Amino acid sequence: MSIRPKTNIDCSESDNQAQLLRSYQSPKESFAIHACSVLPRLQSPDISSRIFTSLLSINRSMNVIAAASATPPPMPPALKTVRVVVKGRVQGVFFRDWTVENARQLGLNGWVRNRRDGTVEAVFSGKPESVQEMVERRCRVGPPAAAVTGLDAFPSDEAVDPAQGFQRKPTA
């Protein structure tokens, strides 16, 4: 970033106090550094110059901090969470282990379990395209020994802990 002086106003000898005012312009904004009526009269222009240089440095640092804090944090990727109930010959055919393996391949979080009514229930959470792949393409077919006759999928607001990954739960 280049910062260049726009104007330079020096104090007159008749002033009781030193006054310094310089405006600077960067490509994005203008700002001014003021040291007006706060310093005693200075006999040496060299001292005035050093004070002004210090003030300029402080102002530049503050502008860098302000610009960094104005940048919004990156948005987390959108996640989709779906609860699925799979019907058919889905128990006793390694459906749960197959589901765990496939969900992990797709980077999904959640869980899978058998239900007492003979179905398999799962919650998938992750990138929308990965969740869709798991539900629409993989779970509708299942492992080789399975015979899927139905699949119900609906959105879920269940909190899934990403640190847990995808896991197998006991029968419910």
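Cβ atoms are placed via backbone N, Cα and C, with glycine included.
All TrEMBL annotations are machine predictions without curation.
The range from 5-25, 26-46, 152-172 that TrEMBL describes as region 'Disordered' is residues 152-172. Between the C-alpha atoms of Asn114 (active site) and Arg96 (active site), the distance comes to 8 Å. Taking a C-beta cut-off of under 8 angstroms and a sequence separation of 6 or more, Arg96 (active site) has the following same-chain neighbours: Val112, Arg113, Asn114, Val120, Arg168.
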